[in-house]
Amino acid sequence: MPPSTLVALAIAALCVVMGFRSGVAELEGDFYEDSCPNASAIVRRVLEQAQQRDVRIGAKLIRLHFHDCFVQGCDGSILLVNAEGIASEQDARPNVNSTAGFEVVDDMKAALENACPGVVSCADILAIASQVAVSLAGGPSWEVELGRRDSRTANRDEANTAIPSPVDSLANMTSKFAAVGLDSTDLVALSGAHTFGRARCTTFSHRLYNFSGTGGPDPTLDSAFLETLRQICPQSGNGNTITNLDSSSPDSFDNNYFTNLRNNRGLLQTDQELFSGAVADTVSAVNRFAGSQSEFFDAFAKSMVKMGGIRPLTGRSGEIRANCKRVN
């Protein structure tokens, strides 16, 4: 084959590769720089107002982002309500009586539609709101990668199986995280979001009275903490009563959550199992984050960016919903 032909073929191949790459849209930190430059500021303003009514709203919004990304990727599918052809993920077992804050997302969307109609996706709103919520609570800031588009579908079945449960074993938790490309460090770092927020008695009462069918409490629970929790959640009490996920600083984003684990004061079974000794990687990460808040903040920010990149719809996939509850 003549050299000129080889050169032509090489150039053609390069053009194909470049064309392929240029056709794959990626998330970008400055995605809305021209189309809606005040997007983050608008989300922050709405969230600040919502916090005056509900100190828990930040934790609620980051939970929505988390539960969204584990099902179909970060595509806003959790926000869709029941409709023809849509079985809402909100009715999946891990989301019932667990996810909240939808009305604040609607407020954010309305404010953004007023400023930049048809531009900012509902999936991106969840990502931005999560970063703002953590920052407002004293936690780290990070550049949120944007450009997600919204799904036209929901997947309740996947929500029932893919979202981690507060009674999952550490092996199940690790498996569910691995299924979406997150490792054990991501698991521990993202669990650190339990440094703020609340949980219902039904999510941990089995640890107080009948752990693993033994008829007794979880032996790993600190005895004083056990008695405190039994007062909050009596055996015949209201299972919907809530208590702090982080008993030491419930509304601040800090590394006390990990100190609690080292003192056997993790609220949920899935919290305390990170320090159970069953997996050396998670124990090591808990120790690192308990010993250095800056190391935790850095790892958390990186893991949030990584989680936010799970299977996003970009380019011409999906849509930009006008109403986060419904497809266009």
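A Cβ is built for glycine as well, from the same backbone N, Cα and C atoms used for every other residue.
All annotation found in TrEMBL is predicted automatically rather than curated by experts.
Quick look at what TrEMBL annotates:
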- 1-25: signal peptide (SIGNAL)
- 26-328: domain 'Plant heme peroxidase family profile' (DOMAIN)
- C36-C116: disulfide bond (DISULFID)
- R63: site 'Transition state stabilizer' (SITE)
- H67: active site, proton acceptor (ACT_SITE)
- D68, V71, G73, D75, S77, E89: Ca(2+) 1 binding site (BINDING)
- C69-C74: disulfide bond (DISULFID)
- C122-C324: disulfide bond (DISULFID)
- P164: substrate binding site (BINDING)
- T195, D246, D254: Ca(2+) 2 binding site (BINDING)
- C201-C233: disulfide bond (DISULFID)
Neighbourhood of C116 (disulfide bond) by C-beta distance under 8 A, where only residues 6 or more apart in the same chain count:
Y32, S35, C36, A39
Tell me, which recorded positions from H67, D68, T195, D254 are within 10 Å of C74 (disulfide bond) if we use the C-alpha atoms?
H67, D68
Averaged across the domain 'Plant heme peroxidase family profile' (26-328), what pLDDT does the model get? Just tell me the whole number, please.
96
Entries of D68, C69, V71, D75 which, being recorded positions, have CA atoms within 10 angstroms of C122 (disulfide bond):
D75
List which of the binding-site residues P164, T195, D246 have their Cα within 10 Å of the Cα of C69 (disulfide bond), in sequence order.
none
10 Å Cα neighbourhood of E89 (Ca(2+) 1 binding site): matching recorded positions from R63, T195, C201, D246, D254:
none
Say you check the Cα of T195 (Ca(2+) 2 binding site) against those of the recorded positions R63, S77, C324; which is nearest?
R63
Ten-angstrom check, please: count other Cβ atoms within 10 Å of the Cβ of C69 (disulfide bond), all chains counted.
30
Compare the C-alpha of S77 (Ca(2+) 1 binding site) with the C-alpha of each of the recorded positions R63, H67, C233, D246, and give the closest one.
H67
As a test of the contact definition, list every same-chain residue at least 6 positions from D75 (Ca(2+) 1 binding site) whose Cβ is closer than 8 Å to its Cβ.
D68, A123, R148, R149, D150, S151, R311, P312, L313, G318
C-alpha spacing of G73 (Ca(2+) 1 binding site) relative to C233 (disulfide bond), in angstrom:
35
Provide the number of Cβ atoms within 10 Å of the Cβ of V71 (Ca(2+) 1 binding site), excluding the reference atom itself.
28
C-beta crowding around C36 (disulfide bond), within 10 angstroms:
19
Give the distance between the Cα atoms of the residue listed as 'active site, proton acceptor' and D254 (Ca(2+) 2 binding site), rounded to the nearest whole Å.
22
Of C122, C233, C324, which of the disulfide-bonded residues has the most Cβ neighbours inside 10 Å?
C122
